[in-house]
Amino acid sequence: MAKEKFERSKPHVNIGTIGHVDHGKTTLTAAITTVLAKAGGAEARGYDQIDAAPEERERGITISTAHVEYETETRHYAHVDCPGHADYVKNMITGAAQMDGGILVVSAADGPMPQTREHILLSRQVGVPYIVVFLNKCDMVDDEELLELVEMEVRDLLSEYEFPGDDIPVVKGSALKALEGDAEWEAKIVELMAEVDAYIPTPERETDKPFLMPVEDVFSITGRGTVATGRVERGVVKVGDVVEIIGLAEETASTTVTGVEMFRKLLDQAEAGDNIGALLRGVAREDIQRGQVLAKPGSVKAHAKFKAEVYVLSKEEGGRHTPFFANYRPQFYFRTTDVTGIIQLPEGTEMVMPGDNVEMTVELIAPVAVEEGTKFSIREGGRTVGAGVVASIIE
């Protein structure tokens, strides 16, 4: 049978399975593809195919991730599943697989476990905006009251981390039974996907977000002015737009884009993903530098102090061989530049070992354009020793 081409006309959403080891994340992933395959919306993938996830390297960090794709009547999904707990931690912090929503898998037979909590916390920290719950292995629990108890526990845990625990959809099912073709349990997979379709909103397209472009290079063209080059990260910029120059300097400056050039051709506008040169009115060559960003006025501010969730590379990944302590001063690489920063560790954490993940407070020596969810690397003498994501802004 010829493989059907995926319809690209449907809105695209990135999701993933999260939860404690052996609660059934990979089995559920296999079950979703198998059940949807019957409606022609996927290629059925077995447990073994998903579990044998290839290793990938993202910013020098080794991560095993399985990617599957499938579609429902209304949407096209890219779904990530990680074999090991460490892979989830790395994946979520580096944003190797950005998630618009997550399916939290909890075994009804065991209830929430330590990694259930940790994955919910990570989702909160790295900005996974929506979670749908799949209570798995319900075929093994005869007691209806016990199921309700586990559901309440999961809802409370989600609320504890500022997710709307009372409103989140919870579907009770059995991934294994669905995978084996039991119609009663297959219906639960269909129900789960209907909840995911309804509850997880279609993400805003990159081009609909406010304009932002990290400055990679600056040069002046005699008689015309100063050009900043870079790749548009999000949004759209048109000739005549007013933009702000943000970061590294005390004051945020504003200027008008008088020209947009791409591949030596003049354009009226550029959008997310385009590599451009932007001609800026009245900006001297020394008023703008690599590491700053051009952005829609008021859309992003420069900050020097924030909380971040960080994964510290292991020795095997080329990271440090020794732990670091509070007041450690590495470089923080944001978008196109390194800025020195000082680290404070949480109460009761003496040191951080290579291979750990930790929430830390960072104070940079110069402010940069950051928001919740901005990704960065931690570098020491030019080599990457950590990867992080801004969890919250302090000042």
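Just so it is clear, glycine is given a Cβ too, placed from its N, Cα and C backbone atoms.
Following the DSSP three-state reduction, the secondary structure of GLY19 (GTP binding site) is strand. Annotation comment: Swiss-Prot describes 19-26, 81-85, 136-139 as GTP binding site.
Taking Cβ-Cβ distances under 8 Å and a sequence gap of 6 or more within the same chain, the neighbours of THR26 (Mg(2+) binding site) are THR17, TYR47, ILE50, ASP51, ALA66, ASP81, PRO83. DSSP assigns THR26 (Mg(2+) binding site) to a helix in the three-state reduction. The Mg(2+) binding site feature in Swiss-Prot is assigned to THR26; the stated evidence is sequence analysis.
The domain 'tr-type G' (10-204) scores a mean pLDDT of 92 in the predicted structure. Summarising the annotation, Swiss-Prot assigns domain 'tr-type G' to 10-204.
Residues or ranges marked as region 'G1' by Swiss-Prot: 19-26. Taking Cβ pairs closer than 8 Å, the region 'G1' (19-26) reaches residues 47, 50-51, 66, 81-85, 104-107, 110, 112-116, 119, 136-137, 175-176 in its own chain, all 6 or more past its ends.
What Swiss-Prot lists as region 'G2' is 60-64, and the listing cites similarity to another entry. In the region 'G2' (60-64), helix, strand and coil residues by DSSP number 0 helix, 4 strand, 1 coil.
According to Swiss-Prot, the region 'G3' annotation covers 81-84, on the basis of similarity to another entry. Long-range contacts of the region 'G3' (81-84) within its own chain (CB-CB distance under 8 A, at least 6 residues past either end) are made by residues 16-17, 21, 25-26, 29, 50-51, 53, 63-66, 68, 91.
Sequence annotations record features per position, and here Swiss-Prot assigns region 'G4' to 136-139 based on similarity to another entry. Counting residues of the region 'G4' (136-139) by DSSP class, helix then strand then coil, yields 2 helix, 1 strand, 1 coil.
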- Message: I'd like the Cβ neighbour count for ASP22 (GTP binding site), meaning other Cβ atoms within 10 Å of its Cβ, all protein chains included.
- Response: 12
- HIS85 (GTP binding site), Cβ-centred 10 Å count of other Cβ atoms over all protein chains shown, is 15
- Message: From the DSSP assignment alone, can you count helix, strand and coil residues within the region 'G3' (81-84)?
- Response: 0 helix, 1 strand, 3 coil
- Outside the region 'G2' (60-64), six or more residues from its ends: residues with CB under 8 Å to it: 53-54, 82-84, 87, 90-91, 94, 96, 311, 313, 316-318, 384, 387
- Message: Is it possible to get the count of other C-beta atoms within 10 angstroms of the C-beta of GLY19 (GTP binding site)?
- Response: 28
- Query: 10 Å Cβ neighbour count around CYS82 (GTP binding site)?
  - Reply: 24
